[in-house]
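Step one of this worksheet: look at the structure below.
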Amino acid sequence: MGNLMVSVSVARGESLSGLGQFALTLSLYVLVIGLVRTAVTEAVLAARTAPARCTIRQGARRAAAVAVAAGVITAATGAVLGSPYLTVAGLALPGLVAYDYVKAISIGVGRTRVAWAQECAWLGLTVLSVGTVLVADAPPVMIFVGWAASGAVLGIVVARWQRYGMLPRWGLDRRDSRVAASFAGQFLVTAGSAQLALSALAATAGVAVVGALGAARTVFGPVTLLTTTLSALIVPYLAQSRADTPRARLRAAGAAVALTVGVLLPLVIVVCLLPDEVGRAVLGDNWQAARPLLPLLSVEALLEPIALVAFAGHRVQSAGARALAIGVLLGPLRIATIVAGGVLFGAAGAAGALAVLALLSAACWWLSYRRLNATPADSR
């Protein structure tokens, strides 16, 4: 919710170029957080057979090492390009990674109160910083500064409170380092490819194209939030039919798709039919750049649940190799298609590429899931 509030506030006050810098920076933040979760945090949780504080501390140091390296690169890039968003993000990354590491570990070991306290505190500080900047009529970048700084400080404070120790140190032998690098590489070509595509788009087509996409995605913020919430319920729902017949599993997956799309459809229609007055109130002058992209992004929003449900089905049935193969196939294709669309046709081309990729992704995942339910378990 705090991220959505910041996105709307920045989108309303920034120029299209500034909004592009913000969207790119937020994408890099998501990329680094996902990289640390995949290479470090999930390894700590997977290796934990009992609450072992030494293992968690070692993971915290590895997370800090990745965060510091990424932060230095991001801040230096921001300084060279003259982007205050990148510079601030680079300085805040160690604290933001600490925040996410503590939250993920707390949830993983059953201490959810810590995670809830973090989230509530950050939301409160974000509301305070947004309100202060709006009242003081300060530049929109200060909203991002308040969000990033408050999250970073909270991360460091909570990490010290939990006695994790966030001094950077890798501390893995060569074998474990290769394993971590392997998972990191898999993340970059699968889930992380969306963020890499945005970075490549900014480098080739310009930040204004990214800004137009960012403005349109800001309007779709409630849809994205609802999709994220519903996606957390899909795996438990499909797990209930794990022992059923293949036909029953497919029926359950089809019901999940129908329900998710049915819930999203009215909200997507409302977003696409927003009056100009409402659009300008949300995005300011950037509404004109965002409005033509809404129908294309609505296609992506309505096709995404098909891929989400089918992917969850692969996960429930432990079809990791099949899922990885699809991800490795779609990841590079996503980057190339979005960049080509953006370079040739601008923001509309990039949005069109996203719609085509959503269709292709939905088809690949669903066809694979159907074949999975006709395949013996030992061949997965």
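Our numbering is plain: 1 for the first residue shown, then up by one each step along the chain.
Just so you know, glycine gets a Cβ as well, placed from its N, Cα and C.
Some features that TrEMBL has for this protein:
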type	residues	note
TRANSMEM	20-40	transmembrane segment
TRANSMEM	60-79	transmembrane segment
TRANSMEM	85-102	transmembrane segment
TRANSMEM	114-135	transmembrane segment
TRANSMEM	141-159	transmembrane segment
TRANSMEM	180-213	transmembrane segment
TRANSMEM	219-238	transmembrane segment
TRANSMEM	250-273	transmembrane segment
TRANSMEM	293-312	transmembrane segment
TRANSMEM	324-345	transmembrane segment
TRANSMEM	351-369	transmembrane segment
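Under the criterion of 3 or more C-beta pairs below 8 Å, with sequence separation of 6 or more, the transmembrane segment (219-238) and the transmembrane segment (250-273) qualify as touching. Using the rule of three or more Cβ pairs under 8 Å, pairs at least 6 apart in sequence, the transmembrane segment (324-345) is in contact with the transmembrane segment (180-213). If you look at the transmembrane segment (85-102) against the transmembrane segment (141-159), you find at least three C-beta pairs under 8 angstroms, all six or more positions apart, and that counts as contact. With a threshold of 8 Å between CB atoms, the same-chain residues lying at least 6 positions outside the transmembrane segment (293-312) that come near it are 212-213, 216-217, 219-220, 223-224, 227, 230-231, 234-235, 238, 253, 256-257, 260-261, 264-265, 268, 271-272, 274, 323, 347-348, 351-352, 354-355, 357-359, 361-362, 364-366, 368-369.
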